[in-house]
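What follows is a set of notes on a single structure, which appears directly below.
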Amino acid sequence: MTDKDITRLSYDVVVIGAGGAGLRAAIEARLAGKKTAIISKSLFGKAHTVMAEGGAAAAMGNANSNDNWMVHYKDTIRGGKFLNHYRMAELHAKEAPERIWELETYGALFDRTKDGKISQRNFGGHEYPRLAHVGDRTGLELIRTLQQKIVSLQQEDFAESGDYEARLAVFAETTITELMLTDGKVAGAFGYRREDGQFLLFEAPAVVLATGGVGKSFKVTSNSWEYTGDGHALAMRAGANLVNMEFLQFHPTGMVWPPSVKGILVTESVRGDGGVLRNSEGRRFMFDYIPEVFKAQYATTEEEGDRWYTDPDNNKRPPELLPRDEVARAINSEVKAGRGSPHGGVFLDVSTRMKPEVIIKRLPSMHHQFKELADVDITKEPMEVGPTCHYVMGGVEVDPDSTQSAVPGLFAAGEVAGGMHGSNRLGGNSLSDLLVFGKRAGEYAALYVDQTAERPAVAQSDVDAAMAKALTPLVEDAEGGENPYTVQHELQQVMNDLVGIIRRADELEEALVKIAEFKKRLASVRVGGGRKYNPGWHLAIDLHNMVVVSEAIAKAALERTESRGGHTRDDHGKMDPNWRKINLICSVQGDGVSLRRQPVPTMPIELLGLFDRSELAKYLTEDELAAFDESTKDGEKE
Amino acid sequence: MTTRHFRVWRGDDQGGALTDYDVEVNEGEVVLDIVHRLQATQAPDLAVRWNCKAGKCGSCSAEINGKPGLLCMTRMNTFGPDETVTVTPVRTFPVMRDLVTDVSFNYEKAREIPAFAPPADLKPGEYRMQQVDVERSQEFRKCIECFLCQNTCHVIRDHEENKAAFAGPRFFIRAAELDMHPLDARDDRKEFAQEEQGLGFCNITKCCTEVCPEHIKITDNAIIPMKERVVDRKYDPLTWLGRKIFRRDQLESQK
Ligand SMILES: Cc1cc2nc3c(=O)[nH]c(=O)nc-3n(C[C@H](O)[C@H](O)[C@H](O)COP(=O)(O)OP(=O)(O)OC[C@H]3O[C@@H](n4cnc5c(N)ncnc54)[C@H](O)[C@@H]3O)c2cc1C
Ligand code: SF4
Ligand code: SF4
Ligand code: FES
């Protein structure tokens, strides 16, 4: 193989990412008759989705028949502090049940209710038990089910043509480093195979980004090596926009000890099923942190909170189940006030709340995880937990119905897409988001291919440039160059310390100075070792994406001078209704990120009218409220 | 913090050797942490697979002091204070590089098992199943596809020649899972396992069960019942009554 060797492949739809969103998109594109490729950095079935624990939110009403899409919609918008794209939240709430039921036809086996339906569990911010689940390994069930559906489609193709991959092929351990454009439209994707470093060019008129999130740029995170923000960066470099990048979800409960597992997730189901948070004084401190906007929905005494688990219709839920941003900030404050646990977290306890058998049955993988990794038996003693960088609400700005970005032929779904979750995502709303918008992405990408008369050709000069860029860090002797791991560790530290859960203008400015230095240092990153399965080389390439995405996050975080959801400013502690009307949009200009403000799409009155006026008053400006009153008056006249 | 001696197999499909490293180890760490530290400080190109670091994704399978296991779930305090830790790739699959092997065998076998066959008379949303009935299959669906059972099974561990005819324990539990699925419309899962997947090669040594990080009772709950039932069915004149009836009373008798 020479440097310039390249394998050229031609597809109708190329899906980058093999998590829930990517697999669902690929299924839909293939069902629409399109020749589809699925590409992933890891092996098939290992994407992040596999790690999801708690469940997938869908208003099926199996556990409480009062549930419906409107209640789910309201919970989602409340959770996102009214910054969500209303149309995405609407589609999501309406379509999630169908997407879950469909999984059963692919062979999924969810936990059941007594009458044989899919069981649903409680989760933070959801008014009713709503999460379809399988113990605490729901993500595994979801990804395996989709994987097996893909196999079944391949079997159909095999029966017909003798070739499993005739219309649906999986390229595992293959990383896309650049999108190819022609006349501003998608023409394909360029990347390398990890196994041998072979370059690949996928020529295709439609590309679906389903690459997941960005958390690997932070030191304490629940995210894996894959989460380097590739899709976010690819989209920006192709000319698409990112929206809401300042909003990052710090999950309140990550492991804090031992150091090597710091950040690994402790599922929210622990609280949904009855676990409580206590500080070093033994106090259930969440009762001290119920914010004004949520006062009406949460219990104010431990007794009421405890009653809710058995009688939810007549009691309010305990504040341990507030949306994640609230719980994460509360834990942060307790630790800062000196009331933390020995290893700098707080206590999360199920041992005094449930019988050991029940804990093992409902939270098997948490029991296993703490036993094996921390020598803690959660049936006997409390866990120590603290916030961990978990999910990015921001992402590629898309048209809600079609998931298409500003670049024709470029679609995005799943965590890489923005808008759906506003400033804060509710637990369980991601897995359902993957299915709803994954399906739409596949469907509309296929439609786009049908409407594209001529397949755009990829320019050789673009391929050459992508190849040269990928090869730059790889040398015979890395002596004197920057070590990619060192740069990564330093970036993670900077993002954690300066762009973390609580932010300040001076720190964000400092972060941007540091990020500018990282950008320069990237040019001198060098690795030896050749092209065969070389993680150092792979990281050197990923670092470019991590840095540009970090810049977008820091810039947007500096610009937004209020606190809302997954963006907390120490120096602007309040939520400001005027900021609710503004989305921050990031795009690439030259070798930097440029930022602009854009109005948030206005929620139509039918949807706005689902909320009580008193609740809207907490989020909207005076002018917006006046307009709302005006339009409801009209409604009454009719 | 202490310094420990590690030996890691480095090489590729052309050959390789154990390489010695002295490396820092801290309290609470797992073997994967040490491999990552080697990457960051001494061997940037050391190839290893991982994703979740919590025993959930099944990426980091390897052999540690000759014992197949997950690198992310093997605590350093399980070794003696001066014990050298030797890390090698899983043996049953061809090496790509260092600790990374070519596991495509497993994906090919997965493709050969007929997929779940949805019942023709039920629309999405109409599926009704009891928890007790799904639990048997759910046990097998806990599989994280680490392929450690495949790696350990002696039928293929040192017998390349058996690979074509033998799907391996991971895919026996897939067959069992579908067989026990309350709504799967096919009724030939056991026969398929016997005739196409090479169930007959298995002589119930239970090595697969012992190595499974998810503690799935591969032999007791999947392989043995399937073997028994294949035998049963081959001689059972009532088989023609249909699988659903047959299955129900089997279910009853197991409760
Ligand atoms: C520990 C944990 C628990 C969670 N629990 C829940 C839960 O209970 N409920 C819930 O709703 N959500 C949960 N989430 C969030 C949810 O799991 C994720 O947001 C979701 O799985 C993301 O899915 P995705 O399809 O967008 O991407 P992923 O599943 O992350 O897949 C991304 C894919 O893109 C590929 N990729 C990335 N970059 C490239 C590239 N350059 N080239 C080629 N391929 C690329 C990756 O290899 C991967 O296959 C959890 C997350 C974590 C980390
Ligand atoms: S019990 Fe059967 S499948 Fe399992 S290791 Fe032994 S021979 Fe292999
Ligand atoms: S059955 Fe167990 S050992 Fe085998 S692949 Fe699955 S999880 Fe791994
Ligand atoms: S890294 Fe996921 S199982 Fe070890």
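Cβ from N, Cα, C; glycine included.
Quick look at what TrEMBL lists:
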| type | residues | note |
| --- | --- | --- |
| DOMAIN | A:12-431 | domain 'FAD-dependent oxidoreductase 2 FAD-binding' |
| BINDING | A:17-22, A:40-55, A:Asp230, A:Glu415, A:430-431 | FAD binding site |
| BINDING | A:His251, A:Thr267, A:His390, A:Arg425 | substrate binding site |
| ACT_SITE | A:Arg324 | active site, proton acceptor |
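Proximity to chain B (Cβ-Cβ distance under 8 Å) holds for the following binding-site residues out of A:Ala21, A:Ser42, A:Lys46, A:Val50, A:His251, A:Arg425: A:Ser42, A:Lys46, A:Val50. For A:Ser42 (FAD binding site), the nearest neighbour among the recorded positions A:His251, A:Thr267, A:Arg324, A:His390, A:Arg425, judged by Cα separation, is A:His390. A strand conformation is recorded for A:His390 (substrate binding site) in the three-state DSSP classification. The Cβ of A:His390 (substrate binding site) lies under 8 Å from the Cβ of A:Gly215, A:Thr221, A:Ser222, A:Asn223, A:Gln249, A:Phe250, A:His251, A:Gly254, A:Leu265, A:Arg324, each of which sits 6+ residues away along the same chain. A straight line from the CA of A:Val50 (FAD binding site) to the CA of A:Thr267 (substrate binding site) spans 13 Å. Sequence-distant neighbours of A:Ser430 (FAD binding site) (same chain, six or more apart, CB under 8 Å from its CB) are A:Ala52, A:Tyr391, A:Gly414, A:Glu415, A:His421, listed in sequence order. Of the residues the record lists as binding substrate, namely A:His251, A:Thr267, A:His390, A:Arg425, the two whose Cα atoms sit farthest apart are 15 Å from each other. Straight-line distance linking the Cα atoms of A:Thr267 (substrate binding site) and A:Gly54 (FAD binding site), rounded to a whole number, equals 6 Å.
Most buried of the binding-site residues A:Gly17, A:Gly54, judged by other Cβ atoms within 10 Å, is A:Gly17. Shown in sequence order, A:Ser222, A:Gln249, A:Leu265, A:Glu268, A:Arg324, A:Tyr391, A:Gly427 are the same-chain residues outside A:His251, A:Thr267, A:His390, A:Arg425 whose Cβ sits within 8 Å of the Cβ centre of the substrate site.
The CA atom of A:Lys46 (FAD binding site) is located 23 Å away from the CA atom of A:Arg425 (substrate binding site).
Looking only at the domain 'FAD-dependent oxidoreductase 2 FAD-binding' (A:12-431), the predicted model's pLDDT averages out at 95.
In sequence order, A:Gly79, A:Gly80, A:Gln249, A:Arg324, A:Tyr391, A:Met393 constitute the residues six or more apart from A:Arg425 (substrate binding site) in its chain with CB-CB distances below 8 Å.
Less than 6 Å separates the Cβ from ligand 1 in the case of A:Gly17, A:Ser42, A:Ser430, drawn from the recorded positions A:Gly17, A:Ser42, A:Arg324, A:Arg425, A:Ser430 in sequence order. Classification of A:Gly17 (FAD binding site) by DSSP places it in coil, neither helical nor stranded.
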